[in-house]
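Chemist: Have a look at the structure that comes next, please.
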Amino acid sequence: MHKKYFIGTSILIAVFVVIFDQVTKYIIATTMKIGDSFEVIPHFLNITSHRNNGAAWGILSGKMTFFFIITIIILIALVYFFIKDAQYNLFMQVAISLLFAGALGNFIDRILTGEVVDFIDTNIFGYDFPIFNIADSSLTIGVILIIIALLKDTSNKKEKEVK
């Protein structure tokens with residue numbers, strides 16, 4: 001018999017990501033001034049202390065009330081989807097846990113300081129990507145995993161229809 005929910009795994013992932021996110025942000029905020037930067041991998045990765053009071057790329061800068069409301073709605077929706085749509089599906093539960101942790105990590109920053117600490121500064125194929133953090137990475141990986149899970153589910157349904 002398959003497990004319906006992988007609660008322990010899901011909580012462990014979410015707690016690890018939130019703690020890792022918050023610890024790294026704390027280290028950056030307490031040891032570097034905004035704008036300070038150092039190179040980790042030449043021409044590819046820097047650690048740069050940055051603050052963002054908006055979303056990705058500074059979109060909706062200063063709209064904290066909006067972010068509070070939308071984040072609470074998203075967190076509740078993720079719990080709902082975890083319970084309703086991710087039954088027996090460890091892959092989907094991991095994806096939702098990563099999304100939850102990423103949203104919560106940035107939400108904690110917004111509540112405590114009114115802005116998000118960003119510090120991962122990459123240059124990918126000559127494009128200076130916007131500075132981000134562990135929570136943002138968790139959100140991105142979670143979205144990618146959800147897309148993979150949905151594509152796989154769609155593919156499996158088509159295979160069953162053919163048979």
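Heads up, the Cβ atoms here are built off N, Cα and C, so glycines get one too.
For ASP118, ASP136, the entry in Swiss-Prot reads active site, with the evidence type sequence analysis. Marked as topological domain 'Cytoplasmic' by Swiss-Prot on the basis of experimental evidence: 1-6, 84-89, 152-163. Taken from Swiss-Prot, the feature topological domain 'Extracellular' applies to 26-62, 113-133, supported by experimental evidence. The transmembrane segment annotation in Swiss-Prot covers 7-25, 63-83, 90-112, 134-151.
Describe the structural context of these features.
Modeler: Around the Cβ of ASP118 (active site), the same chain contributes THR48, HIS50, ARG51, ASN52, PRO130, ILE131, PHE132, ASN133, ASP136, each under 8 angstroms and 6 or more positions distant in sequence. Under DSSP, ASP118 (active site) is assigned to a strand (E or B) in the three-state scheme.
Around the Cβ of ASP136 (active site), the number of neighbouring Cβ atoms within 10 Å comes to 21.
For the topological domain 'Cytoplasmic' (1-6), the residues of the chain that approach it from at least six positions outside its boundaries are 82-83, 86-88, 90, 93-94, judged by C-beta separation under 8 angstroms.
Per-residue confidence over the topological domain 'Extracellular' (26-62) averages out at a pLDDT of 91.
For the topological domain 'Cytoplasmic' (84-89), the DSSP-based tally of helix, strand and coil residues reads 2 helix, 0 strand, 4 coil.
Using a Cβ-Cβ cut-off under 8 Å and counting only residues 6 or more beyond its ends in the same chain, the transmembrane segment (63-83) has close neighbours at 5, 10, 53-55, 93, 96-97, 99-100, 103-104, 106-107, 110-111, 114.
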Chemist: Any residues 6+ beyond the ends of the transmembrane segment (134-151) with a Cβ under 8 Å from its own?
Modeler: 17-18, 20-21, 24-25, 56, 89, 91-92, 94-99, 101-106, 109, 116, 118, 120
Chemist: Are there residues at least 6 beyond the ends of the topological domain 'Extracellular' (113-133) whose Cβ is under 8 Å from a Cβ of it, and what are they?
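Modeler: Residues 21, 24-25, 28-29, 32, 37, 43-53, 56-58, 64, 105-106 contact the topological domain 'Extracellular' (113-133) from elsewhere in the chain.
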Chemist: On the DSSP side of things, how many residues of the topological domain 'Cytoplasmic' (1-6) fall into helix, strand and coil, could you say?
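Modeler: Helix, strand and coil residues of the topological domain 'Cytoplasmic' (1-6) number 0 helix, 0 strand, 6 coil.
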